[in-house]
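See below for the structure under consideration.
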């Protein structure tokens, strides 16, 4: 039994060798084009990524806007949690607060959103930045509708509420602007 020899190695034909190499490269995804038309030279460049390709070209003022938004959400949340009467009075000049619980729940929800805003400030991922900006725009849009409906019901109109509505609409416009700017395809260099 010790005298039995293994079968001789067979040589591959050049055509099947090329097909095999092509299949291997296709499985690994090396050499082909990705969705953006980039051709990867090696698997390492695919895994590590191309910095130019993955770098987000941030619009001017985006990080400042994110910081201001996070500060705004945090400060209003803290005010709603700690001083619900004063917040309600600032929005609806002189109206009586019937219950503090809804205002405090509003503050808790805003605090949760502000945590998302603070985390988005430190990320470079386009998707997270865009979702945060969309969340902001939706929040300010819904808040504008709610304040408008409340003013229509109560009939109380003051300079403070008009300024609040104008600022909320401005925030919606700025958030949507940055949302679309971050989502644009980068120009090929």
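Including glycine, each Cβ sits where the backbone N, Cα and C put it.
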Membrane_side_equal(residue 61, residue 106) from Swiss-Prot:
no
Here Swiss-Prot annotates transmembrane segment, and of 43-63, 64-84 the range meant is 64-84
Ranges in play 88-108, 109-129, with Swiss-Prot marking transmembrane segment at 109-129
Out of 14, 20, 158, Swiss-Prot gives the annotation phosphoserine to 14
Over the topological domain 'Extracellular' (85-108) the mean pLDDT stands at 81
For the transmembrane segment (64-84), the distant same-chain contacts (Cβ-Cβ under 8 Å, at least six residues beyond its ends) come to 97, 100, 103-104, 106-108, 110-111, 113-114, 117-118, 120-121, 129, 132, 136, 171, 174-175, 178
Per the Cβ under 8 Å criterion, with at least 6 residues separating them from its ends, the topological domain 'Extracellular' (85-108) contacts 76-79, 147, 150, 154, 156, 158, 160-161, 164
